[in-house]
Amino acid sequence: MKILLSNDDGVHALGIKVLFDELVKHFSVNVVAPDRNCSGASNSLTLLNPLRAEHLDNGFISVNGTPTDSVHLGSSQLFTDCDLVVAGINKGANLGDDTLYSGTVAAATEGRHMGMPAVAVSLAGNNEQHYQTAAIVTAKIIKRLRTHPLPADQILNINVPDIPLAELKGIKVTRLGHRHQAERMQKMQDPWQRDIYWYGVLGQELDGGEGTDFHAIANGYASVTPLTVDMTAHRSIENIKSWLTALNLSD
């Protein structure tokens, strides 16, 4: 199996190096990742400037773009025979609503858009000490994907608690939880007394009960959430039809 490995923390981040070292024991792995930290980049693209790929001494390829750019360039030009896209290991969790903003999840999503199964993996914790735990869990899951391939419209979002492997209780298949709204943006001033603004702290869990990714992590389990690329709210189609078809555009 040939893997295209990317991330959103940047090509020099510890997480991608640890994951590469584990995956390369079992698979052929090529790394194409942003040249800088792109956390929160979501599915953004670089459209107004050309992309450049720089080959680094360790064999990784650095791209002056976003995580989505990196996967698109890697799979369409640099390594066109890849079988799987893996994104991570992200520094910090991607739980619940985080997935909407995550460059890690976006990199995996782009892999699916390019016709490949894809996996996003994040280390859930504040200390970032046990990347190896997440790397080993990811490698084991990928091995199972050989015989249990993902449906064409799905990716796997993996979150692993920041604990030693021996303390990990297991793996749970979960749904996304939800957060409370983030705190208000913080207004400050720069040295020239001009107003600047910083995003507030993420909201705490609003829906973090049993069965959610939040609950799994809080109880010492790795969380695996299948995500669909189709954002259609299928359950609402008939209801909206019922009142929208009566709309008279000539009124």
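Cβ from N, Cα, C; glycine included.
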Per Swiss-Prot, ASP8, ASP9, SER39 bind divalent metal cation; matching candidate in ASN58, ASN64, ASN90:
ASN90
Which residues does ASP8 (divalent metal cation binding site) neighbour through Cβ under 8 Å, counting only same-chain ones at least six apart?
PRO34, ASN37, CYS38, SER39, GLY40, ALA41, THR66, PRO67, ALA87, ASN90, SER102, GLY103, THR104, ALA106, ALA107
Counting other CB atoms within 10 A of each CB, which of the binding-site residues ASP9, SER39, ASN90 comes out lowest?
SER39
Environment of ASP8, ASP9, SER39, ASN90, the listed divalent metal cation site - residues of the same chain whose CB lies within 8 A of the CB centroid
ASN7, GLY10, ALA13, GLY15, ASN37, CYS38, PRO67, LYS91, GLY92, SER102, GLY103, THR104
